[in-house]
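Engineer: As listed in Swiss-Prot for this protein:
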TRANSMEM  46-69  transmembrane segment
TRANSMEM  135-158  transmembrane segment
TRANSMEM  175-199  transmembrane segment
TRANSMEM  273-291  transmembrane segment
TRANSMEM  330-353  transmembrane segment
TRANSMEM  369-395  transmembrane segment
TRANSMEM  417-439  transmembrane segment
TRANSMEM  517-535  transmembrane segment
BINDING   CYS559, CYS568  [4Fe-4S] cluster binding site
TRANSMEM  575-596  transmembrane segment
TRANSMEM  643-665  transmembrane segment
BINDING   HIS654  chlorophyll a B1 binding site
BINDING   MET662, TYR670  chlorophyll a B3 binding site
BINDING   TRP671  phylloquinone binding site
TRANSMEM  707-727  transmembrane segment
Amino acid sequence: MALRSPKSSRGLSQDPTTRRIWFGIATAHDFESHDGMTEERLYQNIFASHLGQLAIIFLWTSGNLFHVAWQGNSEARIKDPLHVRPIAHAIWDPHFGQPAVEAFARGGGLGPVNIAYPGVYQRWYTIGMRTDQDLYTGAFSLLIVSTLFLVAGWLHLEPKWAPSISWFKNAESRLNHHLSGLFGVSSLARAGHLVHVAIPESRGGHVRWGNLLSASPHPQGLGPLSAGQWGVYARDVDSSSHLFNTSQGAGTAIPTFTGGFHPQTQSPWLTDIAHHHLAIAVVFIIAGHTYRTNFGIGHSIGGALEAHIPPGGRLGRGHQGLYDTINNSLHFQLGLALASLGVVTSLVAQHMYSLPAYAFIAQDFTTQAALYTHHQYIAGFIMTGAFAHGAIFLTRDYSPERGRGNVLARVLEHKEAIISHLSWASLFLGFHTLGLYVHNDVMLAFGTPEKQILIEPVFAQWIQSAHGKASYGFDVLLSSPNDPAFNAGRSIWLPGRLDAIDNNSNSLFLTIGPGDFPVHHAIASGLHTTTLILSKGALDARGSKLMPDKKEFGYGFPCDGPGRGGTCDISAWDAFYPAVFWMLNTIGWVTLHWHWKHITLWQGNVAQLDESSTYLMGWSRDYSWLNSSQLINGYNPFGTNSLSVWAWMFSFGHLVWATGFMFLIPRRGYWQELIETLARAHERTPLANLVRWGDKPVALSIVQARLVGLAHFSVGYIFTYAAFPIPSTAGKFG
């Protein structure tokens, strides 16, 4: 008999039921579980997957460039970046009636088009791309790079070129490559591109391959560099009257320390950004060489960890044994990487609006809303993934004997204290915040709004004041005219920063008040609850006091239901899916607070948020309802507008989200009955019964059903929530 799929598992391929299909999909990338898998082959497969993923990323970015060059309006937008709406691509849809054709014909396009909200137009403009030919060249170049990575992935699976296990486990060399090579050299390349191409373009010049070596980025060339007079390069900065993309008001400085924003583009000065990338390059290139590689100089990470035993004795064996624990567990390494990447992605969301690096992106409000929403949701999924792989590490890779007495073992020994403290914090934040909101709602409902509990966030205001925001009147550190740092900031370093901080038209230091206080604590409640569920799920992944080590009891991973001792209670997967529920809710609050804060700032009516965000009816009425009018009329019996696709997504998102509960709540018996009923009906229906299948239909397991439920819940939630801030902004500002 021919071997059926999945070829990775002989046992599963011989399963006569539909379990073969679903388990085959579920374990397709679980290389560890595949037949005949060795540790070396596992590392090689993952390495090849990395190269394949990079190939897909470069192909995707190539497609962005190509479609904008082909169907976009980049050259028209460069002439008027504040008023011409950027086109992502054309829409060809046979279902479009004349009202839809007219509604979607925007941005100077010849027919229906999609408007681009990811900020790529602003990015390409900032880095010096000025023509469609530039975009085509970039698309073709990235297509070549994508092909190279695809070939590299295939090549490194061939026995002759496949790296050995020792190569993968050489942590010092990997850090050297990642820190110095990827971060350091790429930052240096970025600084070089800004200095040689982007900054000259912003000053009305034009540098391409033909004149790259002859066009000096500074009038004095390399003279000051060789003479050690580096300060020369920072003199003669662009003036406040500089018109971007022209020589009017332009200076000659390359790396600067000006601070603040370019008055016209409302983005940080390009010369400041070049200086930043140069500094990052120096730091990371040095950092990557602090570890011992082939040359016998620098630190051994293993040696440093083994020697790190705190003298007080309160941390037991300290970090002994951690090097081997981490270096031999891909799940531990992935957990650390995902935790770091998740935090960085959330920071990107925050910096996209507070320090908008690309020219004119700060004035494209819908793009700001889209980028913030996108990056916060991505960050949430990545961070929950960190906990998931931490739990898998404990389940599959952790050896209590090898790590006995070190810091990781002590964390596990203290897990009851960790979980109970997180529980206390979550309960405190949740009940007090809800109490504040409900009290304020009742006071307004009873006609006594003056009896609301309004709390000024004085600690946060003090921190903002210490950094230079003078409007609160704290007169402390950088907000005090008598402070030495204040005076130094006016002349020596970042002279434009304090002006930017005190400018209420940007988002650098948003003014905060009593409306921000409860929503901040609501978000804190959500964050702590998510962390509580994830931490408990990971820390209890192997067992609890009831069941000391689940791994030794022969149970399947992750959970065998209440009938066999209640192991679902100590299942990381069963903690993971309610944690994703909480993560999505929390980011919903984060995103909607950000959006209301900014939409009132952009419209010039910040008092609306200040007055209405202190009670729940204010949120429902003055934010949700008030900003939904154009959206809920995206399509109606009288016609359609350009928000109709978002209106449809909003409705469809609710349906997908609700479908998720159908999988999350019922148990396996319900599904088995439903499937057998459907199968029986199918086999007795004329024509339909001509289609047969070889596998006996069986219900999804609890774990699989929860995965299907979680996928629907997550996708539906994001379709519902993201389809509010983005189009409601577009309806007001385009």
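Backbone N, Cα and C atoms are what each Cβ position is placed from, and that goes for glycine too.
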Engineer: Report the nearest neighbour of the residue listed as 'chlorophyll a B1 binding site' in space among the binding-site residues MET662, TYR670, TRP671, comparing Cα positions.
Structural biologist: MET662
Engineer: When neighbour density is defined as the number of other C-beta atoms within 10 angstroms of a residue's C-beta, which of the binding-site residues TYR670, TRP671 has the lowest density?
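Structural biologist: Fewest other Cβ atoms within 10 Å, among the binding-site residues TYR670, TRP671, is found for TYR670.
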Engineer: Can you work out which residues elsewhere in the same chain, 6+ from the ends of the transmembrane segment (369-395), have a Cβ less than 8 Å from its Cβ atoms?
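Structural biologist: The answer is 117-119, 329, 331-332, 334-339, 341-343, 345-346, 348-349, 352-353, 530, 534-535, 537-539, 541-542, 550-551, 557-558, 572, 575-576, 579-580, 583-584, 586-587, 590-591, 594-595, 598, 714, 718, 721-722, 725-726, 729.
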Engineer: Looking only at residues six or more beyond either end of the transmembrane segment (643-665), which have a C-beta under 8 A from one in the stretch?
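Structural biologist: Contacts of the transmembrane segment (643-665) (Cβ under 8 Å, skipping residues fewer than 6 from its ends): 100, 103, 577, 630-635, 700, 705-706, 708-721, 723-724, 726-727, 730-731.
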Engineer: Could you round the CA separation between MET662 (chlorophyll a B3 binding site) and TRP671 (phylloquinone binding site) to a whole angstrom and send it over?
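Structural biologist: It is 10 Å, counting Cα to Cα.
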Engineer: Are there residues at least 6 beyond the ends of the transmembrane segment (575-596) whose Cβ is under 8 Å from a Cβ of it, and what are they?
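Structural biologist: Same-chain residues near the transmembrane segment (575-596) but 6 or more away: 353, 369, 372-373, 376-377, 379-381, 383-384, 387-388, 391, 516, 519, 522-523, 526-527, 529-530, 533-534, 536-538, 540, 609, 613, 619, 623, 664, 706, 709-710, 713-714, 717-718, 721-722, 724-725, 728-729.
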Engineer: Apart from its near flanks, which chain residues at least 6 from the ends of the transmembrane segment (330-353) lie with a Cβ under 8 angstroms of it?
Structural biologist: 42-43, 46, 119, 362, 368, 371-372, 374-376, 378-380, 382-383, 385-390, 392-393, 396-397, 507, 594, 598
Engineer: How many other Cβ atoms are found within 10 Å of the Cβ atom of MET662 (chlorophyll a B3 binding site), counting all protein chains shown?
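Structural biologist: By my count, 14.
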